[in-house]
Amino acid sequence: MEDSLPPASDTPNTRVECVKPSTAVSESSSIHSDRFLSVPREFSELDLHTVNGAFNPSDYFEDQNEAIVNNFLEAAQPDTRNGLYFSDGKRKVDYVLAYHYRKRSPPLSTPGALGLAVISNGSYGNPDEKKDTQAVHSSQDVVVDVTPQDAVEEEKMRSREEFEKNLMEAGLEMEKDKENKIQGIGFVRLHAPWLVLSREAEFLKIKVPTKKVYEVKEEGGVMATLNSAWDTITKPLQPKVPHLQSNTKTKYISHSFSREKLHLYNISEKETFFDNATRSRIVYEILKRTSCIRTCQSTGITTLIANGVYDSAFPLHDGTFENTEEKNERQILHQEWARYGAFYKYQPVDLIRKYFGEKIGLYFAWLGVYTQLLIPASLVGIIVFFYGCATVDTDIPSLEMCNEDKNFTMCPLCDGPCDYWHLSTACSTARASHLFDNPATVFFSVFMSLWAAMFLEHWKRRQMRLSYRWDLTGLEEEEENWQKEHPRPKYETKLLQKRQKKRRSKRKNKSEANTPERDQVGKEKLTWKDRMPGYIINFTSILFMFGVTFSAVFGVIVYRIITSAIIAMSPDPQTKANVRVTVTATAVIINLVVILILDEIYGAVATWLTEIEIPKTEKDFEERLILKAFLLKFMNSYAPIFYVAFFKGRFVGRPGDYVYIFNHYRMEECAPGGCLMELCIQLSIIMLGKQLIQNNLFEIGIPKLKKLYRKLRDKGTAPEETDDNQRLSRQWDLDYNLEPFTGLTPEYMEMIIQFGFVSLFVASFPLAPLFALLNNIIEIRLDAKKFVTELRRPDAVRAKDIGIWYNILSGMGKFSVIINAFVISFTSDFIPRLVYQYMYSETGTMHGFIDHTLSYFNVSHFKPGNAPTLSQYDKEVTVCRYKDYREPPWSPNAYDFSKQYWSVLAARLAFVILFQNLVMFLSELVDWMIPDIPKDISEQIKKEKTLLVDVFLKEEKEKLQLIQSLFLKDQTAQQKAGGVPRRHRAASFSQFSREQRCQHTDV
């Protein structure tokens, strides 16, 4: 076989080594030819096999292969029936590629026709040479006739062959099953041997524990006593995870993996040194950068999946999650975490991180911290609610409103059919409003604003502790940049189209016809001009979506107005009395249904808008998608609540001069007790409805419906069997039938929207944290069950924080201060009560407040058609009351805003400024007082760095002493023999070694 340069390394200068693969190969394995490993130049100087300081590559690779073989033979034979190993039962399946295939036998009329044959090792052959091939490979190779039905299938097959061949050249080992059906699903199982794992771990700078252990400093004094008591109290709440119950007083020092320093790491067995998540991550990195240039002009497995060459690619779960004798990590997670019966236990975040990776581990850790901190917020909210219940019978404004002796005759609620009414009939509404509109509401708003700041600070400290425990504190920027470099399939496709268009234009230009095109390959990139159509579509589409949201809100407003007018015409007095309750309840339900429908639409629209922007990397795509989806869903979820809080009842007008829509229907007014009660109803129904329907029923029902649909589809298109031997269901078959993992964006999004309900309008609904807490207790176990039992195992992705979600949370926390200030100031009656008590009350109490807030209107000033047509109080009423601060009809400035109106408005604006600045100051004070990095963690990080430096200095010192002792011993022996001084020969040997090392191949 001719030497070829593999695509395994992007280093410009590499030395290519021809490595003979291990002989421990399965019967159906595809590894029978030499593999070519490209070893980066900086990694080629290994310390493993040296003779007087000289490195012998052949000894290294030979010993490595022997070590692997011996390790296979000496290791306990695993149970191959679980589908986690190759058919030899020794090599782990680190990754699986799935694809749909379709083939047919050659026509009987052309028995000697030449057909394309694919051998399991990826080489091409001729059916006439089948006998020779089988003679060479015996029963280990399977030749399958896959004569394609059309050009598309043939192209896909060739792309797979080229891609798999390049994977083998990169060092991966693979195994494929016999394709015994006319059409079906094929699986390619990949295994990364130690050589590949060590090479990629060094390249990716993966941190691994060294042999150096040090004691973790523990707090002393009162804090140690309190922590010990707390651990004893919460011991029943701790999950029973074996590795979590190990000694936590010591810690291994971690360092980026290096093949030159294998003796420093705690390697007990090479096959288990890297856990399954790390192994799959290494294989996925190889899959992302392996090219398929000859047949499909693309790079990476994501592009091949997007083009339909492969159906999917995923790592395997660690066996079944059902109870067996030997428990794996998946079973432990299911038993101690992913069950509703374990709702009272803490989450095993360390095991979650080990099994799913740091990114998913951080999500569940953040969700746990958020849920824990909802407990004090819920307790305070319950206290505020019970305070309102306890003081409702002593609230003077409510008593005055319910007093029938006061006999406040109110103006009609609509024109024509509506009659005058007494304020005492709204007694129940006033009493209910006091439950949420009382002095304790202001305290609760301040508390929740500070709670949001405390939550963010506590999460930063918790995140830092997890980063230290998970060895993420030194996450190199190079590693992050490596993850960002892989272009997305859409970007590559658009770039390829641009290159082809540019080449066609060059061919038309004769002056540039002879210009070499290969000099320009790789220099093209998409500019803002290429993305401008996408940006324009994004801007106009988002504005259109905003218009759709506002139209939906306006439609519900029209429904409320028309329904209120229709019910007011009813002759039944009982129906008229319940008009507000009926209209409010039905309108909120309609709002909820519209929000749920638009949420699903906006999620798909946000994905489409992000795709047409053509982001280069997955990270850019994810961030842009998050911003668009959050913006659209934020407006959709909160637009009806914003209307009730800040717009309803503000533009009504006054009797005799009302504001109308469609020239017939009056704008709706707030209830006599204010709009805060209606805001509470709106917020509670939307919040609880979204949590119950969208966050729970949809998450449970939709995956099951998708699974059922996929099962029925596969059953309806079941392929015909060409072989009586049917393959048993292995782990890759079971995992393929699971739902693919689509990212954490939906999980974060529903929690961020819930955080908005808890923090933005909490002044109107103190019980919101309690309902959020109850929902999250279920949500944690629901998400856990989904990840463990219903989803394919995600790729382990390293991340040192929750990314852009923290910025969104911080922004919402600051925005909540402003919203709560306006809710207290403009929506509730807190400011008018204070102004009345301290400026206009004669006794300094709240007596007379209701009469103070009601203005007078002369019924003779009604316009024609606006007065009640059939009124039982027609002869008795000369003046009616309405809620506003206006001059009476006998004043020179009749119906103008009074001095009280301007006093209350000034007080409201002053309160907003005071509240906002006070809470912002307290939040910044909390941020300043609580350091982001705990003191003990910062000290341990410094200590670990110092110990790591000491370890390497000690190693270099021992090397130097060994070299000096060998040199002195050799020099003494030469002097006694009377020969040539050793230093001359050593110098010559060093020069020869340098010349040999300088011989490399430029790639």
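Every residue gets a Cβ built from N, Cα and C, even glycine.
What TrEMBL says about this protein:
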COMPBIAS  481-495  compositional bias 'Basic and acidic residues'
COMPBIAS  496-509  compositional bias 'Basic residues'
COMPBIAS  994-1003  compositional bias 'Basic and acidic residues'
DOMAIN    85-349  domain 'Anoctamin dimerisation'
DOMAIN    352-944  domain 'Anoctamin transmembrane'
REGION    479-523  region 'Disordered'
REGION    977-1003  region 'Disordered'
TRANSMEM  363-387  transmembrane segment
TRANSMEM  440-459  transmembrane segment
TRANSMEM  535-562  transmembrane segment
TRANSMEM  582-605  transmembrane segment
TRANSMEM  625-646  transmembrane segment
TRANSMEM  751-774  transmembrane segment
TRANSMEM  802-826  transmembrane segment
TRANSMEM  901-922  transmembrane segment
| field | Cβ contacts under 8 Å made by the transmembrane segment (751-774) with residues that lie 6+ beyond its boundaries | value | 367, 370-371, 374-375, 377-378, 380-382, 384-385, 436, 441-442, 444-445, 448-449, 451-452, 630, 633-634, 637-638, 641, 645, 676, 679-680, 683-684, 686-688, 690-691, 695, 805, 808-809, 812-813, 815-816, 819-820, 823-824, 827-828
| said: Could you check whether the transmembrane segment (802-826) and the transmembrane segment (440-459) come into contact, where contact means at least 3 Cβ pairs under 8 Å with the two residues of each pair 6 or more apart in sequence? | reply: yes
| query | Who are the long-range neighbours of the transmembrane segment (901-922) in its own chain, taking Cβ under 8 Å and residues 6 or more past its ends? | reply | 445-446, 449-450, 453, 814, 817-818, 820-822, 824-826, 831-832, 834-835, 839, 884-886
| Distal contacts, the transmembrane segment (363-387) - CB-CB under 8 A, six or more residues away | 346-347, 349, 352, 435-436, 438, 440-441, 443-444, 447-448, 451, 454-455, 458-459, 462-463, 466, 744, 747-748, 751, 755, 758, 762, 766-770, 772-773, 776-777, 779-780, 783-784, 802, 805
| task | Determine whether the transmembrane segment (625-646) and the transmembrane segment (440-459) share at least three Cβ pairs under 8 Å, counting only pairs 6 or more apart in sequence. | result | no
